[in-house]
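According to Swiss-Prot, the features are:
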type: MOD_RES; residues: A2; note: N-acetylalanine
type: ZN_FING; residues: 28-51; note: zinc finger
type: REGION; residues: 158-244; note: region 'Disordered'
type: COMPBIAS; residues: 158-169; note: compositional bias 'Basic and acidic residues'
type: COMPBIAS; residues: 170-184; note: compositional bias 'Polar residues'
type: COMPBIAS; residues: 210-222; note: compositional bias 'Basic and acidic residues'
type: REGION; residues: 289-312; note: region 'Disordered'
type: MOD_RES; residues: S318; note: phosphoserine
Amino acid sequence: MASSSADNLTDKNIVFRKLKSKSENKVCFDCSAKNPTWASVTYGIFLCIDCSATHRNLGVHISFVRSTNLDSWSPEQLRTMMFGGNNRAQVFFKQHGWTDGGKIEAKYTSRAADLYRQILAKEVAKAIAEETNSGLLSSPVATSQLPEVSNGVSSYSVKEELPLSKHEATSATSSPKASNTVVPSTFKKPIGAKRTGKTGGLGARKLTTKPKDNLYEQKPEEVAPVIPAVSSTNNGESKSSAGSSFASRFEYNDDLQSGGQSVGGTQVLNHVAPPKSSSFFSDFGMDSSFPKKSSSNSSKSQVEESDEARKKFTNAKSISSAQYFGDQNKNADLESKATLQKFAGSASISSADFYGHDQDDSNIDITASDLINRLSFQAQQDLSSLVNIAGETKKKLGTLASGIFSDIQDRML
């Protein structure tokens, strides 16, 4: 019987069938339209679809609207509708000065609406708490599965342990968590339950059976020996490894001797080798490309001083370079004079003729100009051909369009 009544409270079809059987719930609370299919969970009232849209615009913090046919309802929401109803809400709002007419927004944002919402919420919470407590007290499962408590310790019967073999003992020690875990009871202590048994004491019980001796003969698990790395004391292995491969240039080795020799006598490079030469470019193989200067050339050459020029130009007011250096530029003057005499009877002289350059550049210039002319002529021909093609295409498209339009007109007529 209790289960059937609980199902009736959680089944929305049964709840709404009972609520809509009342005459005041057969019309909309705000506009009195017949057969409302929506409801405001916040106030427990029935609404039509138009008024439900207005409530939805107010926001869910003011009015939470749901469909009585399409939406799903929780038990708390159904209880709110059962505690509410159009008749109770109408009486409450009239007592606080609100009639059926008026603006919906002002009505549901007023102090009266807030007070009515709080009253419904308190009644629903109180009913749910009472049903929860009564369900725990009347539940046969909760009372039958609670263990008997004596002096704060549950009186679970201590079973006599069977003798274990060595194999079972080792398996039990390998999984102590599985054997020692106790599942706590999830049931709460019923209200008004009395403690049974004697009071006082810590609840310790004396063992009636003697523990088996084979439990103390269990051997602890042997830890697998860790395989050590290559020992530094093994001279034979270190010699073979040193002789088989050289150490890395950036590897740190503790067994290297101070002279750079390994144990096997093999030459091993140090961590950072000193440079073989002081030159920076010698490490990259670039030292050979630069000729080395002698020590005599590296120092500045000493200019031999003489008193010849000083004695020669003591009383001179000005000195020219030709007078100072003598006949060093006479050969150049003779060559230029000979070149000018070569073109004495010519009307014009080019730079190529004067300096003796080849005349192949003129042929190159002529070829380039000819190439430019040919390219421009070819471009003009291509442009004219493109213009002709565009004109022909335009004519073809025009004839095709006129044919299509004429065909469409013939079909329409």
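Heads up, the Cβ atoms here are built off N, Cα and C, so glycines get one too.
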Near the Cβ of S318 (phosphoserine), how many other Cβ atoms are there if near means within 10 Å?
6
In the predicted model, what is the mean pLDDT computed over the zinc finger (28-51)?
90
When secondary structure is assigned with DSSP, how many helix, strand and coil residues does the zinc finger (28-51) contain?
3 helix, 7 strand, 14 coil
